[in-house]
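Among the features that TrEMBL reports, compositional bias 'Pro residues' is placed at 63-75. Annotated compositional bias 'Low complexity' per TrEMBL: 76-95, in sequence order. Residues or ranges marked as compositional bias 'Polar residues' by TrEMBL: 96-112. If you look up TrEMBL, you'll see 168-580 marked as domain 'Amino acid transporter transmembrane'. Taken from TrEMBL, the feature region 'Disordered' applies to 1-125. Annotation comment: TrEMBL describes 171-193, 199-221, 256-278, 298-315, 322-342, 362-383, 404-427, 452-477, 498-518, 524-542, 554-580 as transmembrane segment.
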Amino acid sequence: MAPTPPAAVSSLPIASRGGGKAEMNSVPITPKGGKGEIYSAPITPRGDLMSLPITPRSSAMAPTPPAMTTPPVTAPPSQFQSPSLSRSPLLLESPNHQQASTKSTKNHTPTVKTPRSRSSLTPRSRLSLTPSFITPLGSPVRKIIRMTKLEPQPEDPDNWLPITESRNGNAYYAAFHTLCSGIGIQALVLPVALTILGWNWGIISLTAIFFWQLYTLWLLVHLHESVDGTRYSRYLDLFTAAFGEKATKYLGTAPIMYLSAGTCVALIIIGGSTMKLIHETICGGTCSNPKPLTSAEWYLVFTCIAVMFSQLPNLNSIAGVSLVGAVTAVGYCTIMWAVSIAKGRVPGVTYVHLTDSDFSSVFGALNAIGIIVFAFRGHNLLLEIQGTMPSSEKYPSKVPMWRGVKIAYLMVASCLFPLAIGGYWAYGHMIPKNGGMLSALFAFHSKDTSKAILVITGLFIVINAVCSFQIYGMPTFDDMEQKYTKKFNKACPWKVRVFSRLFFGFLNYFIAVALPFLGSLAGLIGGLALPVTLAYPCFMWISIKKPKRRSAMWYTNWGLGLLGIALTCLIIAAGLYSVIETGVKVKFFKP
């Protein structure tokens, strides 16, 4: 298009943004091609539209625009400098953008955009790459989002403690930890419970308790984060928030701490005994050592290995250890029930059903239920595992945590049900009460089974015990370091951390040597641990979530909670009766 001559150009009224009669300004209009005369169009106030003829000016009076192939894009200064149209308003920009912004503020002359090649683009910082739709409220909104995050701030003492020191976990880490803590040596005595309950009641009880504890797991996962943003990363913290410090002192601390430290004692006993069993299986009577290691010495070997791995700093750092523990747990459970079924029933096996209604039969059934409850462990660690995951108002940790729990307990069910049913089918009432499936495997199939399978099974049990020691000892490690940080208001030094974990490990070794008969008290211990698994989560949901009175959740949690407390009392009484009636070989310091 050819440039329009001055005579043919009509006057164009341009209204300014301000109202009233303001002074008229002019905007230069450049003909296409960048050459020739430049004309100015008056800016007319909004009130009275006036037009003036276009006055020609010489090209020397106007600035020479840069050469370009397309017409320049211009806009009124007030519109171009609007903050809502700027690239990164109120946000940190690169020095190049800051300099350009300063110049454009001082000089309100319209900026002409010139096309640039990709090679001439100036690198921009990551912080300046803000979407164009961000408004001036972007920076305050971001600050508010940071303030409302559920993660602890840098000055939070939780950042110094092993459980919450690292919060970069995910659903896979949660599955590893939950599976490692959910399957353990206590599952090996499940067939013993079926010898008392029989086929029907044994399977019914096992199924009912499995779904009951799965429901309480769901409650705990959703109780981890409160409405006001508080995260309960420890079971005792949630218990205190629900019932108060006095109830925590008398009802919560003892069973929860036992499930941490007491389980570590049991792991030392089973780990050391299995190492001795592996040594005897490999060597037999051909060992050149005239004086083999005693049980107490094997306990010490296991403790040294476990304490060495316990120096890993926090719960998130042992995710790989938990993965190894989970794999080995699934491995030895599968080997045991597969070998037992493949070898067939033991000659002379019989199945005992619960037909008597006398006093001892009822207490025996309750003791068997305690054994089943004790097999489903790990509830005291669930909140601690969830505390290692990041969480925000938009992305709460309960979503990946529950995904990991579902994966883990699908594997738990696939191991525990075949182990209990297959073990009872293969051995019946002949299964040993102490040791369960492990003792039965070596007692009945040591001659017709390859030594390699027996040794691999034993190694899996030892490795799983070492890995489980780390996750079950972590709440105690956290509690010891929490006392230090509260007293000195600083993070626990590495020397103190090393010494405290060494002390914990060898204290458990002393208890294991002094009380080697703890494995015979599975029913009684299950009664002590039952409220942590089945009862307390229901009452904590009622206290914190406050469901509508007489609603389905209200009735469900009250019913299951009261039933759990009643079962606790009955199972403890039945465990004591069983210990008195059948007797336990109490041998102090004689493992």
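Using the three backbone atoms N, Cα and C, a Cβ is placed for every residue, glycine included.
TrEMBL does not curate its annotations; it predicts them automatically.
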The transmembrane segment (524-542) versus listed stretches 298-315, 362-383, 404-427, 498-518: most Cβ pairs under 8 Å: 362-383
Beyond the flanks of the transmembrane segment (404-427) by at least 6 residues, Cβ under 8 Å: 170-175, 178-179, 182-183, 187-188, 190-191, 193-195, 199, 202-203, 206, 210, 214, 217-218, 221, 326, 329-330, 333-334, 336-338, 340-341, 343-346, 349, 351, 375-376, 382, 436-437, 440, 444
Leading stretch by Cβ pairs under 8 Å, where the reference is the transmembrane segment (171-193) and the options are 199-221, 256-278, 322-342, 452-477, 554-580: 322-342
Dominant neighbour of the transmembrane segment (199-221) in 322-342, 498-518, 554-580, by Cβ pairs under 8 Å: 554-580
Long-range Cβ neighbours of the transmembrane segment (256-278) (under 8 Å; 6 or more residues past either end): 184-186, 235-236, 239, 293, 295, 298-303, 306, 377, 380, 438, 442, 455, 458-459, 461-462, 465-466, 468-469, 472-476, 479, 504-505, 508-509, 511-512, 515-516, 518-519, 525, 528-529, 532, 591
Interface-richest range of 322-342, 452-477, 498-518, 554-580 toward the transmembrane segment (362-383), CB pairs under 8 Å: 554-580
Contacting positions for the transmembrane segment (554-580) when only residues 6+ beyond its ends and CB under 8 Å are counted: 212, 215-216, 219, 360, 362-367, 369-370, 373, 520-521, 523-528, 530-531, 534-536, 538-539, 541-542, 547-548
